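One structure is given below, encoded as C-alpha cells.
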Amino acid sequence: CQYWKKASDPNCDSERYTLYMEWARFLRFYKEQPLDLIRKYYGEKIGIYFAWLGFYTEMLFLAAVVGLICFLYGLFTVDENMSSKEICDPAIGGEIIMCPLCDRDCEYWRLNTTCVSSRYSHMFDNVATLFFAIFMGIWVTLFLEFWKRQQARLKYEWDLVDFEEEQLQLQLRPEYEAKCTQKKRNPVTQETEPYLPLTSQAVRFCISGATVLFWVSLIIASMIAVIVYRLAVYAAFASLMENTQTLEPISGLLTPQLATSVTASCLNFVIIMILNFFYERIAIWITDMGKQGYLLEGKTCKESLKIPLNTIKVFRAVVLNSGTVGACDPAGCLIEMTTQLTIVMAGKQIWGNIQEAIVPWICNWWGHRKARNNPENLYSRWEQDHDLQTFGALGLFYEYLEMVIQFGFITLFVASFPLAPLLALMNNILEIRVDSWKLTTQYRRPVAAKAHSIGVWQEILNGMAILSVVTNAFIVAFTSDMIPRLVYYYAYSENEDSPMSGYINNSLSVFQISDFPERNEPNKNPENFVICRYRDYRYPPDHERKYLHTMQFWHILAAKLAFIIIMEHVVFIVKFFVAWMIPDVPADVKAKIKCEKYLTQKILHEYELEKLKERLCQGDNGATEKEFIATEGRMELSRAM
C-alpha cells in the first residue's frame, strides 16, 4: 500500500501504512519501536539495527542525566571557584602582565582579560569531571553487556540461533565470483568455487596496506596544517581585535585564543567532511581490489578499513587543540577541548540529519515532478515505489558508522564535555524517526536479509570501550587542571583558611623581557614592562637554575602519571568484574534454547526408534538388537543433556 493510506484490499495487512503511522513519525518518539513488524517487513538485518539503536538511545538517558548533573554542579559553583576569582580580580589578575602568545606581532596582555573564559572553563573542569569519567567507563560496560543479553533474546525470538555460521559465512560475494577466473574445490561445501592465488593475494594486500598508510599520512598532514593555521592566525586575530573598535564591547568574551580555537575547530570539521567523502570510496575500492571472497569477509573488511580512518579523524579533531598546540587559558586547557568537541560533534550530527532526510526527499521530488499529476492507472503504485531512492548494499553500513562515530565522541572524550551524552540522546531520538521515515517513504523497500547480531561493530564498540578508559585518564591528567590544583592544595598551599588562594600566581612563571631573542621580541612595549608571566613551573630569571623546571613541575608530572595508572586499573577492574557478573545470555533464553535442542533430539530419536520397531516387526534382519539398544541409549543421553 501507499504509506499514507491503507490498501484498498481488505485482506491486506497494510504494514507499510502501520509502520508510517506508528513508527516513522516524530510525534511517536515516546513509543516503543514495533521491532517484530520491522523485522517482518524489512528483514532481520534492518530489524537488529533498529533494536540496537533503540537500546543505545535508552541507555543514553542515564548517561545524559548524570552528565547534566555534573554540568549543573560546575555551573552553580562558578562563583566559588578561587582560580576564576583571582583571574577576574583587578588587584590580582589585573596586575599580572602575561607574555605575548606569538613572536613579534603579539602584545603583552593582562590576565583578567580572560575572566569570562576562565568562568566558562570551570563549568567543565571541576571535580565532577573525574567522577563522570569513571562513571562513563562503567556505563559503557553496562551498555555493551546488557545489549549482548538483548541481542541473545532477539536471536532466539527471531529464530536466528547459529544462523551466520551455517549460511552467511559460506555465501560468496558476487563481485568476487565475477572477477576471479581460477577455481578450486571448497573443502567444506565440496563445491567448485572461484579462487585467488596466494601471490595475487599478497600483492593486493601490500597495495591495500600502502593505500591505508597513505591516507593515514594525509590525516597527519592535515593535522600539521591546522597546527600551522593556529600559529599563523593567532597574531592576526590579536591585531584585529586590538585595532577594531567595533569588537571592543565583546573583547572580554571573544579573546584571540577563543577565536583561534573556534575557527580551527570549524576548519577541522570541514576537513573531516571532505576526507570522509574520499574514505568511503577508498574503503569500497580496497575491499573490491582485495577480493574478499565471502559476504561476511567483505562486510568486515569495509567496516574495519573505515573505522580506523574515522577513529584517527576523531582523535585529530578533538585532541589537536586541547592544550597541546599553542597557549592555553591560564584557568586550564579543557575549555578549548570542549569547544572543539562541541563544534565537531554538533556539526556532524546536524549535517548527517540533513543528508539523510533532505537529500533523498529533494531527489524524489525532482524525479517525480513530471509524473506527479498523472492518475494512478497511468502511474501505478509499484512504478512510484520503483522510482524511489535505492537504499543500497551499504545503506545500513553508513547508519552504523554514523552511530559508532558518535559513540566514540561520547566515550573517548566525555571527560571534557559532560553534555555530550545529552546531545547524543537528543540526536538519536530524532535519528530513529528520520531513519524510519526515510526507509518508509523515501527509499525502495530493501531486499530482506538475515543477521543474528550487529556483527563486527560489536568488537569495534568493545575496543572503543577499553580505549575510552585510557583517553579519559589522559584528558583528566594532562588537559584538565585538576591534578595541578590538587598538588597545590595538599603540598604547596600556605593559607590554611583558603587553601586554593594564590594558586594562579603559583602556576605562572616569571620571564625577564630583556631575555627575549631579538628575532622573537615583541614590536611594542608601550608601558615598558620589565617582566611578564607565562603558564609553566620554571625557576625565575634571578635563580641559579634560571628557566629550568622547578621541583613542583616534577611533583605534578609524577602525580599525573600516578593518577593515570590508578584510574585505569580501578576502572578496568570494575569493568571486567561487571562484565563477569552479567551473563551474555539471559537464563530463561538459555533454558529455552536447551529445551528446544532436547525436544529436537527427542523427536529425531523417537522417529528413529519407531522405524527400528517397524523393521523388527517386519522381520528385517538388518535391525539388530544392538541398533535398538543404541537408539534408546541416545534418547537417555538426550534427556540427561
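Each Cβ is built from the backbone N, Cα and C atoms, and glycine gets one as well.
These features come from TrEMBL:
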DOMAIN    3-35  domain 'Anoctamin dimerisation'
DOMAIN    38-594  domain 'Anoctamin transmembrane'
TRANSMEM  49-76  transmembrane segment
TRANSMEM  127-147  transmembrane segment
TRANSMEM  212-237  transmembrane segment
TRANSMEM  257-279  transmembrane segment
TRANSMEM  404-426  transmembrane segment
TRANSMEM  460-479  transmembrane segment
TRANSMEM  561-582  transmembrane segment
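Looking only at the domain 'Anoctamin dimerisation' (3-35), the predicted model's pLDDT averages out at 87. Of the candidate ranges 49-76, 127-147, 257-279, 404-426, 561-582, 404-426 has the most C-beta pairs within less than 8 angstroms of the transmembrane segment (460-479). As a summary of secondary structure, the domain 'Anoctamin dimerisation' (3-35) carries 12 helix, 0 strand, 21 coil according to DSSP.
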